[in-house]
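Notes follow the structure.
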């Protein structure tokens, strides 16, 4: 990685404004999944050990520029203190005289959590005045929020105009793993693209067709490709305005020598529920009033075989409606194939794929689970991420 990280700068006694991603799911004031807090711990611990004064900034939810009581970061700061085994202070604002006083009172190794940065309208507008206020608190800016790296906001990008800017350890790892996958992958390199909509994955499919040996398609977006082959798809999801594009992608794969895999059989249903009756049919036999909700058993076997024989697999998007038990088997099978594959480096591209491997208890069998859904998708589209571009080069 050609960006400076916290390993490249002197931190002792320095005030560090560290942007983390503490956007954790909450229910009635309780954190229901603390993965993101845990993901930031190595960076925070490193800063503490190096004798920095650690000022942590994050967003939580979408308060849209105003104070929303249940989106305060107070429970997060409390949990962070427990995980670090030390006293963590919490500010009621994210900048201003009261916060400056708290920062002035900090000793080396102290940790302070600022209030939700999205309580301020200027955050999402990347307002220069707000960025200056953030910068006034610190000597160095550290961006460790890969999950928000695709946003040009005041605390993820704007602040870098006024302070030296480096990556945290989590950001560094994300950029290394995803960067290597795209620039110098081990082969055979397989991408598995699922999810509901073709339109969300156009950029990533187009970019990956230049890089991969195998492209596997699943999820709701597969039915647009099935229809592009001339098959009836019943009530399955379809984007009619993307059928020509699907044809173009299949043609491109052929021209570039990419093995293009799509379902040969699917699980279909007449009702969308936990107790739904399902049938398994060939891809050319979906009845008119049924809809496809998962990949079938033959498809699972084919996909598992491709995975097993790959050196690198990048997975973005589930194979079916995995949140419902009757439609979860395809996604589970892909996860299992990745878990069982020996000598295969597996990169899970955040979002729903990450949620699926967590749900099925396979997370610890994956080589790398990205902490950024949207960010990893944009990175895999070959886009520059504002939260990365703003960091100082080595």
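In case you wondered, yes, glycine gets a Cβ from its N, Cα and C as well.
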Quick check: of 15, 36, which does Swiss-Prot put in the same substrate site as 21, 22, 23, 59, 60, 61, 62, 118, 151?
36
Of 23, 183, 299, 353 (the recorded positions), the residue whose Cβ has the fewest other Cβ atoms within 10 Å:
183
Have a look at the recorded positions 21, 59, 61, 183, 299 and say which one has the shortest Cα distance to residue 292 (ATP binding site).
299
Taking 8 Å from the centroid of the Cβ atoms of 21, 22, 23, 36, 59, 60, 61, 62, 118, 151 as the cut-off, which other residues in that chain fall inside it around the substrate site?
58, 116, 147, 148
Looking at the binding-site residues 21, 323, 352, which one has the fewest other Cβ atoms within 10 Å of its own Cβ?
323
